[in-house]
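Here TrEMBL flags 1-198 as domain 'YjeF N-terminal'. The feature (6S)-NADPHX binding site is assigned by TrEMBL to 48-52, 112-118, Asp141, Ala243, Gly306, His365, Asp432. For Asn49, Asp108, Ser144, the entry in TrEMBL reads K(+) binding site. According to TrEMBL, the feature domain 'YjeF C-terminal' maps to 208-486. Annotation source TrEMBL lists AMP binding site at Lys402, Gly403, Ala404, Asp405, Thr406, Gly431.
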Amino acid sequence: MAEADRRTIAEGNISGIELMRAAGSAITAEILARYPCPLAHILCGPGNNGGDGYVVARLLAQAGVPVKIWASAPPRESSDAAIAAAEAEAIAAPLAELSVEPGALVVDALYGAGLSKPLGSLEEAAFAKLHDAGAIIVAVDLPSGVSGDSGAVLGAAPTATLTVTFARKKPAHLLLPGKVLCGEVVVADIGIPDQIVEGLNVACFENDVRLWGAQFPKAAVDAHKYRRGHVGVFSAGPSATGAARLSAMAAARAGAGAVTLLSPANALAINAAHLTSIILRRSDGLPEAVEFLEARKPDALVYGPGLGPHPETGRFAVHLLNAARGLVGHIVLDADGLTASAPFAAELFAAAREKDASSLVLTPHEGEFGRLFPAIAADKSLSKLEKSRKAAAEANAIVLYKGADTVVAAPDGRASISTNGTPLLATAGSGDVLSGIVAALLAQKMPPFEAASAAVWLHAEAARRFGPGLIAEDLPMALLPALRALDAQLA
Ligand SMILES: NC(=O)C1=CN([C@@H]2O[C@H](COP(=O)(O)OP(=O)(O)OC[C@H]3O[C@@H](n4cnc5c(N)ncnc54)[C@H](O)[C@@H]3O)[C@@H](O)[C@H]2O)[C@@H](O)CC1
Ligand SMILES: Nc1ncnc2c1ncn2[C@@H]1O[C@H](COP(=O)(O)OP(=O)(O)O)[C@@H](O)[C@H]1O
Ligand SMILES: [K+]
């Protein structure tokens, strides 16, 4: 954003003080539209974020709202913020003396994109007073103390009700804990031209239909079941078959024309008892799996749900990736497939780099991510976004790092961050369903980064539409209204 601001000003589109006035005006409009405020407190820092605060102070006063300004430090001399402060024509009190009425409206304009070190006791004490007073906090750009790049809290940060940011959302608006501290996020247009933002070659996106809708599969008029995409899912033995069936059912509902469940002989009967449209095939080891790959050339495989975290599961994953070369387009490695592959990670990632290797999609939750990428996971300086990107580059795979802020990262650096997640998905087996959706979209020839992103979005959308009481068994069926709405939107 700093670069976008700089280019906007350098190209003579608008000056710095005009950008600041536009930012202040957007925040003021949101406040006046939402909150009846007899009095507003504005917390101002020394930089441009504080400058936005002084503009808000002036505009609210003009609208008849009495304001009190509390400054952590004066604006830097002859800066835009100093101009804005002078225009506000109000005396600022020291932040250390902050005192607000219960339920007061407070504008947090201490620090934004320029946060350069952790906040200290001055700000922490101020935030504690706001918390105790039950203040309604409107954050300018970001809640002060939240790092814009990572969403991490540096020292301290308040919990805002509303955050007004400019031009585009930043990673901190989407990644935890920033996402929660921001409250509702409004993106205001302050006159930064779209082509300037586009010229920055930004590679990180909010995960929504605009990102992948154009590549979402549509069955051709002359489609037949195998041309619509064939997914193979590996089942565990008799005591743990459910996970693979959840994945297989989800793959079928997400549009795969055919789904084959590869089952050990001793679990065939139990799988057969639960399946109707899913094809069941015996597979007791690598030779039988390879027979299937050679005979049917499935478009995508799911390997991992329910398979157990033992070393054999990991070794099989490496063999499978090697055997699938030139035969299978894509392999989704999930759940125990990830955990068990950890000791063989180097071999696995090397196999993924071989010529004609299947493309690999890894779908770890936090625990699985830590096992497969221990060094990256342990690096506290990295955000979830950066961790996912590093892992994708290391594995030469799409990394779908799950959680309330699911990140999908590609080896080329592209990344999406989910914003439609719901805690309804925190139910056993929902990850198995997700792996099936990813495989189905891959099998239907959606490019891997887009397929993984779309799957995350659909999975959450299905859960939201279904609502409370959701269990993993419901999810494949719950995809239907989500798919129908998506279909209408893309038509
Ligand atoms: N022309 C522009 O660049 C625009 C900037 N805008 C606003 O400007 C903000 C960015 O402004 P700045 O780059 O001036 O940065 P900030 O205003 O976020 O903070 C920078 C100042 O705070 C100090 N500082 C940072 N962390 C501190 C800490 N923990 N304790 C004490 N002091 C600390 C820095 O040394 C610097 O003096 C954005 O978040 C946005 O609100 C908007 O006005 C739109 C236009
Ligand atoms: N609080 C939450 N908010 C949003 N999504 C969540 C939340 N908790 C879990 N999820 C999602 O639910 C799924 C759980 O997958 P996983 O952890 O693999 O569970 P399981 O192994 O039981 O299938 C993931 O897609 C994850 O992103
Ligand atoms: K702020």
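Placed from the backbone N, Cα and C atoms, the Cβ positions cover glycine too.
For ligand 1, the neighbouring binding-site residues among Asn48, Ser116, Ala404 are Asn48, Ser116, by Cβ distance under 6 Å.
Neighbours of His365 ((6S)-NADPHX binding site) among the binding-site residues Asn49, Asp108, Ser144, Asp405, defined as a Cα within 10 Å of its Cα, are absent: none qualifies. A Cβ distance below 6 Å to any atom of ligand 2 is met, among the binding-site residues Asn48, Asn49, His365, Lys402, Gly403, by His365, Lys402, Gly403. Nearest by CA distance to Ser116 ((6S)-NADPHX binding site), out of the binding-site residues Ser144, Ala404, Thr406, Gly431, is Ser144. Taking the mean position of the Cβ atoms of Lys402, Gly403, Ala404, Asp405, Thr406, Gly431 as the AMP site, the remaining same-chain residues with a Cβ inside 8 Å of that point are His365, Tyr401, Val407, Ser418, Gly421, Leu425. In this structure, the binding-site residues under consideration are Asn48, Asn49, Ser116, Ser144, Thr406, and the one with the smallest number of other Cβ atoms within 10 Å of its Cβ is Ser116. By neighbour count, meaning other C-beta atoms within 10 Å, the densest spot among the binding-site residues Ala113, Ala404 is Ala113. The DSSP secondary structure for Ser144 (K(+) binding site) is coil.
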